[in-house]
């Protein structure tokens, strides 16, 4: 039986994540179709490998799509969210640095469309998030430490993923402490350590290729199709 491809709009198509999304989606033309690629500035070419490109200022005129994948900048987030709500399309967003007002807008939009916002779209990290929460619940009174390591060009510390894992630990009743390391070209490593008297548990995730984040975002887009409106976590989509 023929399956209609999921129509995607890639917002932030000129960035590193946007380029990875375009490349990986092109490997699955039977299930994924890039309806539009949106860049911050006017594109040098209007059509590349059959994909229509638009400037962010032209976003309202983008063709029909089922799900938008947004890895852009906070200033481009509002019009993307508004367009998804207007068209009843799902939204997968990994845009960082959004304000509290923008987070409130996300929560309001979740009443009308299915969406997921995450600091990390690795499926392994999604599983780690659940394991951390469960461990914190089971190990009341144990010390909880989160150590994150990244390449030397990463400026923010602790990383957004470390803070997300810390929130999972807090939901389980732990009080996490953070440490950060910047060295070489480390893509990303997150260690969550629970220490009791005479014993220690270490939960760790190591990323060796940035494509895992784009693959996770494409997985999330597929999983949002046909879902009821709501705000989902990546780990929810694994159920």
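Cβ atoms are placed via backbone N, Cα and C, with glycine included.
Since this is a predicted model, take the numbers as computed values, not measurements.
Copied over from Swiss-Prot:
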type: ACT_SITE; residues: 150; note: active site, proton donor/acceptor
type: ACT_SITE; residues: 154; note: active site, proton donor
type: BINDING; residues: 12, 13, 14, 15, 16, 17, 94, 95, 96, 118, 119, 120, 121; note: NAD(+) binding site
type: BINDING; residues: 151, 160, 161; note: (S)-2,3,4,5-tetrahydrodipicolinate binding site
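Feature annotations (Swiss-Prot) mapped to structure.
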{"residue": "12", "record": "NAD(+) binding site", "DSSP (3 states)": "coil"}
{"residue": "94", "record": "NAD(+) binding site", "DSSP (3 states)": "coil"}
{"residue": "119", "record": "NAD(+) binding site", "DSSP (3 states)": "coil"}
{"residue": "150", "record": "active site, proton donor/acceptor", "DSSP (3 states)": "strand"}
{"residue": "160", "record": "(S)-2,3,4,5-tetrahydrodipicolinate binding site", "DSSP (3 states)": "helix"}
Out of the recorded positions 150, 151, 160, give me the one sitting nearest to residue 12 (NAD(+) binding site) by CA distance.
160
Count the Cβ atoms, other than its own, that fall within 10 Å of the Cβ of residue 14 (NAD(+) binding site), considering every protein chain shown.
17
Other residues, Cβ within 8 Å of 151, 160, 161 Cβ centroid ((S)-2,3,4,5-tetrahydrodipicolinate site):
119, 120, 148, 150, 154, 156, 159, 162, 188
Once the chains shown are all counted, how many other Cβ atoms turn up within 10 Å of the Cβ of residue 94 (NAD(+) binding site)?
22
Given residue 151 ((S)-2,3,4,5-tetrahydrodipicolinate binding site) and residue 14 (NAD(+) binding site), what distance in Å do their CA atoms have, once rounded to a whole number?
22
Report, as a single number, how many Cβ atoms besides its own are within 10 Å of the Cβ of residue 119 (NAD(+) binding site).
16
Would you mind reading off the Cα separation of the residue listed as 'active site, proton donor' from residue 160 ((S)-2,3,4,5-tetrahydrodipicolinate binding site), to the nearest angstrom?
11
I need the nearest neighbour of residue 160 ((S)-2,3,4,5-tetrahydrodipicolinate binding site) among the binding-site residues 96, 119, 121, using C-alpha distances.
119
Among 12, 13, 14, 15, 16, 17, 94, 95, 96, 118, 119, 120, 121, listed as contacts of NAD(+), what is the widest Cα spread in Å, to the nearest whole number?
20
Find the one among the binding-site residues 94, 119, 161 whose C-alpha lies closest to that of residue 150 (active site, proton donor/acceptor).
161
C-alpha of residue 96 (NAD(+) binding site) to C-alpha of residue 161 ((S)-2,3,4,5-tetrahydrodipicolinate binding site): distance in Å?
11
Binding-site residues (12, 160), the one with most neighbouring Cβ atoms at 10 Å:
12
Please give me the CB contact count at 10 A for residue 121 (NAD(+) binding site), counting all chains in the structure.
24
